Every structure is written in C-alpha cells, then in structure tokens.
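K.L.:
Can you keep this structure in mind? I'll have questions shortly.
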Amino acid sequence: MNFLLWGVLPYVVVAVLVGGTMWRYRYDKFGWTTRSSQLYESRLLRIGSPLFHFGILMVLFGHIGGLVIPKSWTEALGISEGLYHFNALFFGTLAGIATLGGLALLIYRRRTTGPVFMATTTNDKAMYAVLVSAIVLGLWTTLVAVGAGHEAHDYRETVSPWFRSLVTLQPDVDAMAAAPIQFHIHVLVAFLLFSMWPFTRLVHAFTAPLHYLFRPYIVYRSRDAALGAGARAPKRGWEPIGTRDNARRRK
Amino acid sequence: MRVMAQMGMVMNLDKCIGCQTCSVTCKQAWTNRAGTEYVWFNNVETRPGQGYPRRYEDQEQWKGGWELTQRGRLQLKAGGRLKKLFGIFASPVQPELSDYYEPWTYDYSTLIEAPLGDDFPVARPKSLITGEDTKITWSANWDDNLAGTSQMGHLDPIVEKVRRESEEKIKFEFEQTFMFYLPRICEHCLNPSCMASCPSGAIYKREEDGIVLVDQDRCRGWRQCITGCPYKKIYFNHKSGKAEKCTFCYPRIEVGLPTVCAETCVGRLRYLGLFLYDADAVTEAASTPDPKDLYQAQMDVILDPSDPAVVNAAREQGIAEDWIEAAQRSPVHALAKKYRVALPLHPEYRTMPMVWYVPPLSPIVDLLREQGHDAEAPENLFGAIDSLRIPVEYLAELFTAGDTTIISEVLSKLAAMRSYMRDVSLGREGDASIPEAVGMSEEEMYEMYRLMAIAKYDERYVIPKAHAEDAHNLEEMGCSLDFDEGPGMGGSGPFGEASGGPVPVAVETFRALKNRQEGDTAASDEQLHGRVNLLNWDGNGTPSGMFPKRGADE
C-alpha cells in the first residue's frame, strides 16, 4: 500500500500533469486563459485576488524551501533548526492564512455576484473544492506543528527526503510512510489537485508572463500565410447570442 | 530608414450623419457572438458626449496610452513593466460592465405565446449577462444626438477641459449648441500601447500592412491591453476570456475589398489606403516633448511615396511594386499629408494613431446659417472660424492636443473649398484668391474637391491585395471554383460533405456586387438575372444559372 501511494502514484500524477498539459497546449490553446471575471465585478476581486495570488506564491516558495533544499544545506549556512522552524511556521501560517482568506473572499464573491456565479462551470466548482482542501490541509499541518512547539514533527527528515528521492527515481517510500497522517492526506489531495491541473483554469499559472520583462514593447509579426484564402477556420467562441431561458424555450 | 506599409483610414466627419450603419454591419460581421454582446469594434459617438465606454478619454482615470518620464523616456501611463506585472492579479483600472452597459435582449416569445387575455403581452428586456429581467439604463449610444446633454454634457472629458481652459461655457441650450458625429474603430497605431501592455505578447502588428491583431491562441486574458488602449478599443470577451478588437476586416483587405464599415457607409465618408512610414523613427517621434508638436512629429514619420529615395528604400525592404504604386495613389496619404486636412485622434496619447479625421466644418456653417448669414461666403466663414472659439477649441482638444491654429488652418481649407467650388458649380469664374488664401493652387483645390466631394469608389479605396505569390489563393472566386466538380455552399471538399476550408457566402454574387459598387450605373439585369441563389439550392444537379456564363464577366 505504502509502495503504491508513495512509490507509484507520484509518477502517475507527474505523467498526467505533464501529458495533460502538453495535450491541452496542443489542442486547446484557445481555452488557455485566466477566464477573468473582473468585467462583472471588481471591488471584491481587487482585494481577494492579489491576497490569494501573492499568498499562494509565498506558499510555493515555502514549499520549495522546505522540500527541495536539504536540511544539511541550511545547517551549513548556520541556520539553526529552531530558527528555520520558527521562520517556516511563521511565514507558512501567514501565507496560508492570506491564501485561504483571499480564496474565501473570491469564493464568496463568486457565489453572491450573479454574473460571476453564472460564469462558474462545474469544472470550476470541483477545482475549487480540491484547491480549498489542499490549502486547508496544508495549513492544518502547519498549525499542528505550531501547537506541538519543539516536539513538532520534522518533515525535513521524512517528507523532504522522499520528495527529493522521487527525482532520482529511487523513491524512499519508508521515509514518507513515517510521516504523520496530516502530511499523508495533504500530499494525497495535492496529487489530486495536480492531476486536475491541466484540465482546469489553473493552467494559466503555467503561462505566467515573466517574459514580459524582457520583450520589446512593439511586436511585429508576418501575416500567417498558411491559412490563405483570407479566412481562418471557425473556432470555439462563436456561439450564438441568447439567454438561458431563450435556449430552453427553443427546445 | 526602415520603410513599412500601413493600411490607414480617413473619415470625413462633415459627411457623417450618425446613422450607425457602420456600427450595425460591423457588429453583424464580427461581434454577434456570446461574450461580445457589448463589444462594438465600430461605434459612432455624438460629440459633445461621453463616448463609449463612458468618459474613456479621461486618462487620469483610465491610464491609457503613453506618457513621458521625467527623463523624457516613453513609458506606459499605467506604469512600467514590473508595476504592470504586480498588478496582474486584479487590473487596477479596468472598466467594468457598468462603464459600458449591460447588454440585453427581449423576451420576444411571450408576444406570440402569451395566453389570450385582456392585457397586451409585452416583450420584457432580459439581461444577456444574468438572463434575468433587467432595466435598460444605458447603451453604447445612449447620448446619441445630444440626448440628455443638458444634464450630462458636462461629463464629457473634453468639455471639462475646454471649460477649464476658457472662461466661456460650452452652451447646451438648443439654439447655441453644436454637435457632430465621431465614428470610431481601432486606430491601428504605429506605437500601440495595448501591444506594449500585453504581458503575453499576444497582440501584434502585421509587418505587411500594419494591421494590429490579437492572437487568440496566445492571449491569456490578463486584461492589461484594455487599460493600455486609451481609446478603449480592446474589449474583453467575457465568455472566452480573451481580448478582442477591430481587425480592420483583414480578410477583406487581403483580397482588396474595403472594410465592412467603409463598404456600408451610406455617407461614403471613409477612405482606405496605404501609408509608407519609417518604422525606425516612430519611438523618437512619439517621445516628442511638447504634446502640441506630436501632430507634426507624426506627419514627419510618414514618408512621401513619390520620393525616389523612399521608393528605393521600400524596394529594399521587399515592399512589392503594386504596393508602392498603391501607396502613391493612396487617398489617405493625400488627405493627411498632401492636403493636410486629415488629423489623428488624440495625438497626445502618443500612440501614433492611423485612423485620421477630417474635422467637421458643419458646426460652424450651421451656427452661421442659424444666425442668418450666408454660410458659404468666404469672408463669413473665415471670420467665423476665427471668432467661434468654442467649437474650434473642442475640435483642437480632439485632434491636435489643443493647438487651435492647426484646426483653424484645416477648417479654412475646407471653407475655401466650399466657397471656391460654389462659384465653379454655379458656372461663375472661380476666384483664385480663395485657394491662395489657404496656400493652395486652383488645381490642388479642385483635386481635393474631387477626392472629398465626388469620392468615387476606386478613389476612396485603394487597397492592394495581399502579396502576389499567394494572391491567386485570395480571390474569393478562385477558392470556390477551383474544384473540378464545382462545389456548392458547404459542398464537397476532399473528404466529402462539409470538409475543406470555409467558403465565403458572397461567392455567387461577388462579380455582380463588385460591378455594382464600382460602376457608374446600376448593375444590369442581365448580370443578376437567372442566377441561382446557392442558399436556396436543393443540392440536386447543376441547374442553369449556377455558374456565370463563360467569359460573360470578363
């Protein structure tokens, strides 16, 4: 069981994530968007969205720090276990609360603003459920650690070595199996989130426009001659105008 | 010098009657889809008025276009690259639907389905955003023809500015007001700030004809272009989550047809043609310190296509002969640079817009006529241009960053043309002193009159086809008749029914329509008579009249 969960499943998730992203990029570039709802509502979004996004970026950097950088490295830099732990818990809690607070505000907005709710798909709802669970569970592991103080479980002895061992294709299943239950659940939900990722609006994160900092302001491009005939093949997004009740009546 | 070709448009505002035909045909062609209900690639605003979206010209609020930094460098008004990236999660200054309007439809089916009763059934307005009943409170042209101007006229950002700068008030009383229409499309700028704002680099300018397009496959919906465009001519498709904008009808332009808005304009006020410009000089010109010099800077970027040095440089850049020749015959170049009567809209945004406007003389003529003067006598007109400060200042804020001398010069030329041609039309001797007063010869004046007043189809639109190597593919006739079996609408491609590329709907009437548009006489019955309308064809056999007679059109 442990072998399946921590030795096989991670690779399945990576395969789905990478394969799914490639498939999506190849066949659904038109659907690759943030699907922003700012046009409908801006007031709450302007607080909630930056709170969530900056929070989640902090969470990301925190995970990289905790999972990728071995304990021996930080110790070599003279950062004591206590100092590391305090930092991780302090900023982790802060980032987690910001992320969760922002997300709560965004979901509240999504539910209460009519047009935004109308534009919410089933896919979005499922994605939100998993995303919220992953964040809540992650915050839970952090808070459990805060509560335990110096007795807290040191995930840098269990989860992190396992994570790094995945990269070398020698999964250290035992290390992960030794971690407490809250880590197990958090990681499993994260697996689910990553396997959903390519098929939800979350893909926009993969095209974060960092190259904007380096590209020239004005972009020249040659006319795409391949299509020819002064026409382009009809694409998605050309549905006729109508309200839902009109469509219902037509049936 | 890097010579590039730019497809441009000039609109002669004196001829615009505000009928909105261009808006409607454009909408039918491009934005009649879910998610683009509120999107008007082409809209016609009544000025003074707030415009669409409301007060879009107030850049202190909307942060569109460029500004100069303290060191004189060009920077987006909404901030530098880092600032833009940090603001990406919630665009700080994006207009909301309430700044446009909430699109609606009507519940038409109740009109025929309502049960018999004492009351008349009504078609209630339904929001296209929520699907619920709605109350219509605003639209893309709610203040058309100065509707509500007595209450809301002061909300026009230009009115605010003119009022601040002159003590006089713009009067909205019926007798003293002035108004004109301003049709607007995307400006297809030389220095587009929407493009510079796009984090993904999805907006691009075509090397061949300068048309600015959004790559729908690369747009990720970051919405920065909407802030970046000072004309607010990039719209957010709220269904697809992508930015959309006026395409300059590039599929039509590529085959040498005018844009839909130009083609359907009943006033025939739009001109289409090429500019040649120096792409290397654009940034520097856009960085001109004094906004009032921007018009001249923009004129200097545009090259004279008859200058042999320019022609040589254009050839070196690979611009084809037929394009150079088209640039030489270009009506937009003539109006903007040769006669200098067409002006760019809001040059102070520093985007170098390529849709130009001949400012309207009619507000002044109308005021004169209402006061009982001969509105076409040169001395009256010239005097009025000098004394009627408010309309001139208003136009200057729109077209010359507030420089009234340029507006006065242009209006004087138009006034001179009116007066001079009145004599000629009435069979009197033309008064050479009139053109001379505005620095033109009689010949030039007559040529300008021909272009502006007679405005023949093939003089208004000089559109070279997309380039020769593949031009044969671009013929609408070609692509449909190339098959041996002769295709119908949605007919047989290589893989059976409905396969292959899309077939343009205009196919069976293309030649006849073209003849009707370009000819001086109505299309003859012979050409249209007996032709099969493919939309009504049942798909059986080849009825006579399915194809034009061999050689009949040639």
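Using the three backbone atoms N, Cα and C, a Cβ is placed for every residue, glycine included.
These came from TrEMBL, pasted as-is:
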type: DOMAIN; residues: A:3-223; note: domain 'NarG-like'
type: TRANSMEM; residues: A:6-23; note: transmembrane segment
type: TRANSMEM; residues: A:44-69; note: transmembrane segment
type: BINDING; residues: A:H53, A:H63, A:H186, A:H204; note: heme b binding site
type: TRANSMEM; residues: A:89-108; note: transmembrane segment
type: TRANSMEM; residues: A:128-148; note: transmembrane segment
type: TRANSMEM; residues: A:175-194; note: transmembrane segment
K.L.:
Looking only at residues six or more beyond either end of the transmembrane segment (A:44-69), which have a C-beta under 8 A from one in the stretch?
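P.N.:
Same-chain residues near the transmembrane segment (A:44-69) but 6 or more away: 37-38, 88, 91-92, 94-103, 105-106, 108-109, 113, 135, 138, 155-156, 159-160, 163-164.
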K.L.:
Taking each of A:H53, A:H63, A:H186, A:H204 in turn, which of these binding-site residues have a Cβ less than 8 Å away from a Cβ in chain B?
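P.N.:
Qualifying residues, whose Cβ lies under 8 Å from chain B: A:H53, A:H204.
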K.L.:
Under DSSP, is A:H204 (heme b binding site) helix, strand or coil?
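P.N.:
Looking at the DSSP assignment, A:H204 (heme b binding site) belongs to a helix.
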K.L.:
Pick from A:H53, A:H63, A:H186, A:H204: which of these binding-site residues has the biggest number of other Cβ atoms within 10 Å of its Cβ?
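P.N.:
When each Cβ's neighbours within 10 Å are tallied, A:H186 leads.
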K.L.:
List, by number or range, the same-chain residues at least 6 past the transmembrane segment (A:6-23) whose CB is under 8 A from its CB atoms?
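P.N.:
162, 166, 171, 173, 176-177, 191, 194-195, 197-199, 203, 206.
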K.L.:
At a C-beta cut-off of under 8 Å, are there same-chain residues at least 6 beyond the transmembrane segment (A:175-194) that contact it? List them, or none.
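P.N.:
Residues 2, 5-6, 9-10, 13-14, 16-17, 130-131, 133-134, 137-138, 140-141, 144, 153, 155, 157-159, 161-162, 165.
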K.L.:
Average the per-residue pLDDT over the domain 'NarG-like' (A:3-223) and send me the rounded value.
P.N.:
91
K.L.:
For a quick check of understanding: given the listed heme b-binding residues A:H53, A:H63, A:H186, A:H204, what is the maximum Cα-Cα distance in angstrom, as an integer?
P.N.:
23
